[in-house]
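S.K.: Straight out of TrEMBL:
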{"type": "DOMAIN", "residues": "37-502", "note": "domain 'Major facilitator superfamily (MFS) profile'"}
{"type": "TRANSMEM", "residues": "33-55", "note": "transmembrane segment"}
{"type": "TRANSMEM", "residues": "75-95", "note": "transmembrane segment"}
{"type": "TRANSMEM", "residues": "102-120", "note": "transmembrane segment"}
{"type": "TRANSMEM", "residues": "126-148", "note": "transmembrane segment"}
{"type": "TRANSMEM", "residues": "160-180", "note": "transmembrane segment"}
{"type": "TRANSMEM", "residues": "192-210", "note": "transmembrane segment"}
{"type": "TRANSMEM", "residues": "321-341", "note": "transmembrane segment"}
{"type": "TRANSMEM", "residues": "361-379", "note": "transmembrane segment"}
{"type": "TRANSMEM", "residues": "386-405", "note": "transmembrane segment"}
{"type": "TRANSMEM", "residues": "411-434", "note": "transmembrane segment"}
{"type": "TRANSMEM", "residues": "446-466", "note": "transmembrane segment"}
{"type": "TRANSMEM", "residues": "478-496", "note": "transmembrane segment"}
Amino acid sequence: MYASREDIGYDFGEDSKVGSKPAKPNPNIDGGWAWMIVLSSFLVHILIMGSQMALGILNMEWLEEFNQSRGLTAWVSSLSMGITLIVGPFIGLFISMCGCRTTAIIGGVLNALGWILSAYASNVHYLFLTFGLTAGIGSGMVYLPAVVMVGQYFQKRRALAQGLSTTGTGFGTFLMTALLKYLCSEFGWRNAMFIQGAISLNLCVCGALMRPLSPKDLCEKYVVRSDSEENRAKALSHSTESIKSNGVLGEETEKKEEAASEEVLGSVQHTEIGGKSGSGRSMYGLRLFKTVSQLTVTVRKGFALWYSSYFGAASLFTNRVFVAFIIWALFAYSSFVIPFIHLPEIVKQYNLSRQDNVFPLTSIIAIVHIFGKVILGIISDLPCISTWNVFLMANFTLVTCILTLPLMQTYVGLAVVCALIGFSSGYFSLMPVVTEDLVGTKHLANAYGIIICANGISALFGPPFAGWIYDITQKYDFSFYIAGLLYMVGIIFLLIQPCIQKKQPREKSTEEAQV
């Protein structure tokens, strides 16, 4: 019943002190069961992100079935993608209270239920509720734990591990596109969604594999952090010192509350032992009181950690670089999602369906996306390479491709641009690493929840906006141009803030010299 700290997604190594004897490193850190966690996260990305990126197939079926506008129909896909990410901060609270494993298993059931109920849809608005809301929340409850658990189990090879696990998105997009095409042609889209719902129950198995680490192992993970990674983290997250220093008061208060609760539970245990001669009813009442007390402590601790990260003295929003990261996320993800939703129809308009049926453009993005994530992860783990610089270069390449895509009207031209989109979008594997460098492992679950929430808002409004622009202009060109320009604004915010952070210490030292 009691959710231990190791299952929450935070690092407590700063407060711990290493004993006189050096502790043996846990073989599961950067090895052992850590690779099972990567496998679990890989399968989660196949079943969730891969399925969502293949929704362009179902979007065309819904257009024919319900005969609604492109803008309205696109809301079904965007709601599912957006809500999966928007619920991130609230899922962080759920993780704090129940742990990653329980959260993921419940999410797997919800996701499967959403797919199955959507098979009985009578209109688009019904799909908003079943597929957009129910399946979206379930996806979010599995996705965030899958990312956080990889961050817990890896230290030296974080970028590579995240890269390998998130390649599931590329594999999933390729597999799910082919699967949904086959199922829709053979059984119809309703039966296809029913079958997909049954397949999605495997998310519960993925959640069961998310075995939590002990608090001792998390402390060891923090202690063995390499000097090069610390220097890189300091360079990126200069302003996070205020977060960590301000968080001490909250932790002291938490320790006092924990000690008080332990006294209460201890007294209950003493009474339980001393009163063995009492009636069975009173013993049952004591056990019930003990269980309720443990649950109350768990909820209070989880809510305190969640609240302090967002609104307390240790608020993540005091980190300016992290705030710039959020602004970037608000504009970035829609530029990646729009091609997946609308490319099948663009191909149809250009009379390229024959070539696209042989090798779909979305599959090209998916396959190259796999190599992009692995290669960018390997490059970022090199000691002489900055993860931040790799992240920025990939973003510049992707925004260039988004602005170039409307100019291509041949299959070969579109295929080349789609391949570049797939490779450069491999920076998604670096997002958890960059986030952890900015805020630390302790705040990773809540911080990454905020980032994917911003991505979710971007995914929520991107595809309907592109469909709305098409309804007005009868072209998708302006949709890509506007999305690319907004994306560029987000990148500019990422470039400005680190420069400001570097200037502030210099200005401070100049003032001290004058005094």
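Cβ coordinates come from backbone N, Cα and C, glycine included.
Heads up, TrEMBL stuff is auto-annotated, nobody curated it.
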S.K.: Quick test of the contact rule: Cβ under 8 Å, at least six residues beyond the ends. What residues does that give for the transmembrane segment (321-341)?
M.R.: 53-56, 59, 74, 77-78, 81, 85, 173, 236-240, 361-362, 365, 395, 398-399, 402, 405, 418, 421, 425, 434-435, 438-439, 447, 450-452, 454-459, 461-463, 465-466, 479-480, 483-484, 486-487, 489-491, 493-494, 496-498, 501
S.K.: If you count Cβ pairs under 8 Å, which stretch among 102-120, 160-180, 446-466 touches the transmembrane segment (361-379) the most?
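M.R.: Looking at each of 102-120, 160-180, 446-466 in turn, the most contacts to the transmembrane segment (361-379) are made by 160-180.
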S.K.: Would you kindly list the residues that approach the transmembrane segment (160-180) from elsewhere in its chain, counting only those six or more residues past its ends and only Cβ-Cβ distances under 8 Å?
M.R.: 34, 38, 41-51, 53-54, 56-58, 146-147, 150-151, 153-154, 192, 196, 340, 360, 362-363, 365-370, 373-374, 376-378, 381, 422, 426, 428-430, 432-433
S.K.: Could you pull out which residues elsewhere in the chain have a CB under 8 Å from any CB of the transmembrane segment (102-120), counting only those six or more residues past its ends?
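M.R.: Here the qualifying positions are 3, 44, 48, 91, 94-95, 126-127, 130-131, 133-146, 190-191, 193-194, 196-198, 200-208, 210.
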S.K.: If you count every Cβ pair below 8 Å, which range out of 75-95, 192-210, 386-405, 411-434, 446-466 shares the most with the transmembrane segment (33-55)?
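M.R.: Most Cβ pairs under 8 Å with the transmembrane segment (33-55) come from 192-210.
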S.K.: What average pLDDT is reported by the model for the domain 'Major facilitator superfamily (MFS) profile' (37-502)?
M.R.: 77
S.K.: So which of 126-148, 386-405, 446-466 is most in touch with the transmembrane segment (192-210), counting Cβ pairs under 8 Å?
M.R.: 126-148
S.K.: State the non-local partners of the transmembrane segment (411-434) in its own chain: residues 6+ outside its ends, Cβ under 8 Å from one of its Cβ atoms.
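M.R.: Sequence-remote neighbours of the transmembrane segment (411-434) are 147, 150-151, 158-159, 162-163, 165-167, 169-170, 236, 325, 336, 339, 343, 347, 352, 355-356, 359, 361-362, 364-369, 371-377, 380, 387-388, 390-391, 394-395, 397-398, 401-402, 404-405, 444, 448, 451.
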